[in-house]
Amino acid sequence: MALGSLSKKKGSKSSKGPPKKKQKGDLFTEKRPEKADLSDDSDVSNEEVEELENFDEDSGSELLSGDVDPLADDFLQGSDDFYVIWFDLEENSGSDSAAGSDGSDSDSEVSDIERKSRALDERRAREEKDAEDELQTNIAEESDEFWLPTEEELEAEANRPPDLQNLQRRIQEIVRVLSNFKDLRQEGAKRKDYIEQLKMDLSSYYGYNDFLIGVLIEMFPVNELLELINAFEKPRPICLRTNTLKARRRDLAEVLLKRGVNLDPLSKWSKVGLVVYDSQVPIGATPEYMAGLYMLQSANSFLPVMALAPQEKERIVDMAAAPGGKTTYVAALMKNTGIIYANEMKEPRLKSLTANLNRMGVTNTIVCNYDGRELPKVLGLNSVDRVLLDAPCSGTGVISKDESVKTSKSLEDIEKSAQLQKQLILNAIDMVDANSKSGGYIVYSTCSMMIAENEAVVDYALKKRNVKVVPCGLDFGRPGYTRFREYRFHPSLDKTRRFYPHVHNMDGFFVAKLKKVSNSLPTAAAAEAVQSTEQAPLSSEKDVESVEEAPLSSVEDAVEGSVRPSKEDSNKKNNPGRIKREHQNGNGAPKPAADKRRERKFPFRKEVPRRTEIIKAREEKRQALRGTKRKGEGSK
C-alpha cells in the first residue's frame, strides 16, 4: 500500500508542475532526519526505506530540472504531497507495530521522555538549591549586628569627601537598631552613642546644624524623624484659593482646565481650595488671576482663618497681614461686611498687601502700619471681636521653601522669637472684648515646629490672662504637646493642632484658638501688681475686692510699671517695719521721684485725674482700716 500511494502521488506531482524550488527543498531537508529514524525502526522494512529514498532523489531532480516558474503554484499547494506521504508511512508503521510488535518502540520513547523529564527536574532542583545557598550567604554577610564606627574610622571619613551611600546605609542601620534596641544593640554600646552618631550622619547627609537636628530628634521617634526629614526635601503642592467674592470653585476649575491647568479639589476639609499638579501656562499670570478670581496660597494658610471662623459685621484684627492671603480669606467669609484692621509692621510689605486687597475686590479693610505690640493703644482695649495672630517665627516648618533654615537657626533665635510672640499674644488678648456677643476669640498660629514658639507661648498666655483653649474646629491634625521632657503644660493644650509635611502633605504648622473669659486680669496677677505698686501688703479681703473692681487699664499700668522696682521699693518689701513707720509718719503716699522714673520708662503713659483719684481713695480707705485695727488692738 505504501508503494502504491507513493507512485500515485508521484504521478500527480508531475502533472501539476513543480512549486517553489527552495521551499520544497527546505521541506525535504527538514524531514530527512525523521526518515533516518524510520530506517532504524525494526518494523519498517529495508525495501520501503530504499524506495522512499529513491523517491526523494527523483522528485528532487524533477523539481530542480523543471522549466515551469516556481512562483506559479502556491506554497501550501505544493506541500500537501509530502504530508500525505508522511501520513501513509505513519499509518503503515502503526498498523505493522500493532500487528506484530512487542512495544519496544513505545517503551524507548517513554524512556526518552522520562529521562528528559528527570534531567529537567534535576536542573530545576539544582537551581533552587543554588538560589537558597546564595540567599543564606547574603544573610550571613548582612548580619543583624551593626557596629558603630570607631574613632579611627571617623577620622578617616573626615579627611576624605563624604560617602553619601555609606552615610545613608549607616543612618538606616542606626534607625533599625534604635527601633529594637534591646535585641540589636552592640554589646557595651549605649543608646546615647547611637543617637550621637545619628545626629552626625543626619547633619552630614541632609545639611542641618547640630541644634536643629538635636531638637527634632528629641521631638520625634527615629522612624518618624526620617520620614519628616525626607518630606522636607520635597516641595509641597501648589494650591489656589477661590475668591468667593467673585467666583465659584466649580466655574474657576472649568476655566483653568480649558487653559491647560491640571488640577483637583484640595481636600474635603476645604470648599474653596484647588491643588495644581501641572500647568501649561504661568499659574500666577493668567487673566483669572489678574481679575482676582483666585489667590495663590499654601494649604496651611487656610487653617488659621478656618479656626477663626469670622462672622459678618464683626470687627476683626489681622496683626501680621502681609501679603494678604489670610486677610482676603477673612473678607470673603465676612462677605465684605464689618471692619478688618490689616496691620503690617514692615513698610515694604504694604505694597503687596494693598495690591492683593484691591485685586481681590476687598472693600471692608483698613491697612495700618504699626508694631503689633502698640495696637492696643491705637485701637483700644477690649475693642474688637476677634484677632488673628499669625506670629513671626523661626520658620522651621517651611524648610522645603527655605533651606537656609537648616543652618541659620540657633537656640538664641528661637528664644528671641518666643519672647516677641509672648508679647504679641498678650496684646492680642487685650484687644478682644470678652463680652462680645459673637466673638471674643483669638487664633494664634506659627509656621514653626519648635515647642518654645507654640505650646510654651500659649501656656504663658493662659497664666497671664483670663483665657481658655477651645477646639480649633479642624477635624484633622495632631494634638499639641501637654508635656515635653521636663516641661509640663496645661492639659487643655491637647485641643491645639499640629500639622506635619510627612503626615498631612503641607508645611509644618501650629494652630491654637483661645476664648477670652474676662476682661480683667487673673486674681494672682492683680494682687501681685497692687503689692508692687502700693509697696505694702493688703490687710483685708475688702482691699482685694476694691482692686478687682478697678479698671483694667490702671491695673495693667501698675503691672507694667513694676517691671523694674527701685532699690527703695525692694528695701520696703524686705523691711515691713520701715513701711509701718512711714505710714505712721504720713509718708505712705508715692513719691514724685517714682512717678518721674515711670514716666521716663513709659513716656506714653501719663497720670490722668481719674487714676489719681482712685489711688487716693484706696490710700484713704487703707489708712482708715489700719487705724481701726490699731484701736481694736489697744483696747484689748
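Including glycine, each Cβ sits where the backbone N, Cα and C put it.
Whatever TrEMBL says is automated annotation, not expert-curated.
Pulled from TrEMBL, these are the features on record:
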type	residues	note
REGION	1-71	region 'Disordered'
COMPBIAS	7-23	compositional bias 'Basic residues'
COMPBIAS	24-38	compositional bias 'Basic and acidic residues'
COMPBIAS	39-60	compositional bias 'Acidic residues'
REGION	93-147	region 'Disordered'
COMPBIAS	112-129	compositional bias 'Basic and acidic residues'
COMPBIAS	130-147	compositional bias 'Acidic residues'
BINDING	Ala320, Ala321, Ala322, Pro323, Gly324, Gly325, Lys326, Glu344, Asp371, Asp390	S-adenosyl-L-methionine binding site
REGION	531-636	region 'Disordered'
COMPBIAS	593-623	compositional bias 'Basic and acidic residues'
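Locations of recorded TrEMBL features on the structure.
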{"residue": "Ala320", "record": "S-adenosyl-L-methionine binding site", "contacts (Cβ under 8 Å, 6+ apart)": "Asn343, Glu344, Met345, Gly372, Leu389, Asp390, Ala391, Pro392"}
{"residue": "Ala322", "record": "S-adenosyl-L-methionine binding site", "contacts (Cβ under 8 Å, 6+ apart)": "Glu344, Lys346, Arg349, Leu350, Ser352, Leu353"}
{"residue": "Gly324", "record": "S-adenosyl-L-methionine binding site", "contacts (Cβ under 8 Å, 6+ apart)": "Ala342, Ser352, Leu353, Ala355, Asn356, Leu357, Met360"}
{"residue": "Lys326", "record": "S-adenosyl-L-methionine binding site", "contacts (Cβ under 8 Å, 6+ apart)": "Ser301, Pro304, Val305, Asp318, Leu388, Asp390"}
{"residue": "Asp371", "record": "S-adenosyl-L-methionine binding site", "contacts (Cβ under 8 Å, 6+ apart)": "Met345"}
Maximum Cα-Cα separation (Å), residues Ala320, Ala321, Ala322, Pro323, Gly324, Gly325, Lys326, Glu344, Asp371, Asp390 listed as binding S-adenosyl-L-methionine: 20
Structural state census, the compositional bias 'Basic and acidic residues' (112-129) (DSSP three-state): 18 helix, 0 strand, 0 coil
